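Below is one structure, written out as structure tokens; comments come after it.
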Amino acid sequence: MTAKPTIAFSHLGCEKNRIDTEHMIGLLAEAGYGIDANEALADVVVVNTCSFIQAAREESVRTLVELAESGKKIVIAGCLAQHFQDQLLAELPEAIALVGTGDYHRIVDVLQRTESGERVNAISQEPSFIADENLPRYRTTTSAVAYLRVAEGCDYRCAFCIIPHLRGKQRSRSIESIVAEAKQLAAEGVQELVLISQITTNYGLDRYGKPMLAELLRQLGQVDVPWIRIHYAYPTGLTPEVIAAIRETHNVLPYLDLPLQHSHPEILKAMNRPWQGNVNDRIIEKLKEALPDAVLRTTFIAGFPGETEEHFRHLQQFIQRHEFDHVGVFAFSPEEGTAAIDLPNPVPDDVKEARRDALMATQQPIAERRNRAQIGRLVDVLIEQEHPSTGLKIGRSARFAPEVDGVVYVQGDAALGQLVTVRITDADIYDLHGEVASAADLFQASRQPSLA
């Protein structure tokens, strides 16, 4: 019997892609394939690609070309495969298979077919699959953190975004399925679950006829996981019911990732997000009133077609006014297949880059000021790494999401994968510094009156 080939994975892109990669690893391992972290030693490399913006495509193509030039057999999975299947098959003879964004559960069958000499194109025209708790999964995050996908796909048609074309219509998992997987992850020692989808506040709309995020959060409150974090919360979906569920569910962090994209009503209308322009300020103010300790992250696009200096200043003032904890800014990238690619009055590349840099410069003193407000506080920190040269522990407090926000550098003994209480001693623009709290610190904290 011929031995099965050894497989390595090259993961690119977002956390949704990461979950797809984790399921493919789990399925192949269950089927008896060897998984090697070293691409040089593997017989086949599965590259799970990203195609969200031009820079992501370029990174994906560079990775594919480097592997092809080294003589590797390649399976191209993910968004680039979904987007450019014909070109990839024509231009990369080393590609033995393509796997679409809704087809990763077929990876074992795909590999088996390639072993018999077939060149496989496993891409569904309309992605419709979503994994549940029964599909094997091998996590690639640190042991204490897991992403938990609640839905896949998107029914919105923002002018700049290719995601609905690449990932299909929204399809939500059942509450029972999500809670079951959360319990599995808790049993593995996970301390933090990060809820993800394209629009998490729309969770359940397709399945139940109405958004059900509030009910899902309350159900997850019964799972033995200390931290539950919400990503991709659209502002108009933050209803009083959702805000109440965040406030009243003990393990749901008051951390919200709000993909606002812009502030000016004219640009939001051009982005096909006209509903947002008149509610941004009001929703953020209501959030801060209802959740005084809320940590707010958002992302913006600089240089969208038609963006004038007036529009740009409006966005800059919006950032200054609301003092977000974390801000990411992308220069607009025109994407084939989106409405924005044909919009008039494109902004020159050098202006887009300059505006992006200016927005980040606007945010930096705000971020540093908000971080420095943590100095002297006792906070829980999830310890994830040990610095190889200094021995400092590296973790995150509740105000930092994995991969996209800052970290906390911690002096003192602390076990990896555990929450420890840390006194914050210093801060900079992106990170905090602290030391493991002493018994005296903890005693003094216990004597303080509750501020709740």
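Cβ coordinates come from backbone N, Cα and C, glycine included.
Pulled from Swiss-Prot:
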BINDING   CYS14, CYS50, CYS79  [4Fe-4S] cluster 1 binding site
BINDING   CYS154, CYS158, CYS161  [4Fe-4S] cluster 2 binding site
DOMAIN    5-116  domain 'MTTase N-terminal'
DOMAIN    140-369  domain 'Radical SAM core'
DOMAIN    372-438  domain 'TRAM'
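For the binding-site residues CYS14, CYS161, the greatest number of Cβ atoms within 10 Å around a candidate Cβ is found at CYS161.
Calculated from their C-alpha atoms, the gap between CYS161 ([4Fe-4S] cluster 2 binding site) and CYS79 ([4Fe-4S] cluster 1 binding site) amounts to 13 Å. Same-chain residues that are not part of CYS154, CYS158, CYS161 yet have a Cβ within 8 Å of the Cβ center of the [4Fe-4S] cluster 2 site turn out to be TYR156, ARG157, PHE160, ILE162, ILE163, PRO164, GLN198. Across the domain 'TRAM' (372-438), DSSP assigns 1 helix, 32 strand, 34 coil.
If you take the C-beta of CYS50 ([4Fe-4S] cluster 1 binding site) and look for same-chain residues 6 or more apart in sequence within under 8 angstroms, you find LEU12, GLY13, CYS14, ASN17, ALA56, ARG57, GLU59, SER60, GLY78, CYS79, LEU80.
Using DSSP to sort the residues of the domain 'MTTase N-terminal' (5-116) gives these counts of helix, strand and coil: 59 helix, 25 strand, 28 coil. Report note: the [4Fe-4S] cluster 1 site is defined by CYS14, CYS50, CYS79, and the residues of the same chain whose CB lies within 8 Å of the CB centroid of those residues, excluding them, are LEU12, GLY13, LYS16, ASN17, THR49, SER51, PHE52, ALA56, GLY78, LEU80, LEU166. Within 10 Å of the C-beta of CYS158 ([4Fe-4S] cluster 2 binding site) we count 19 further C-beta atoms, all protein chains included.
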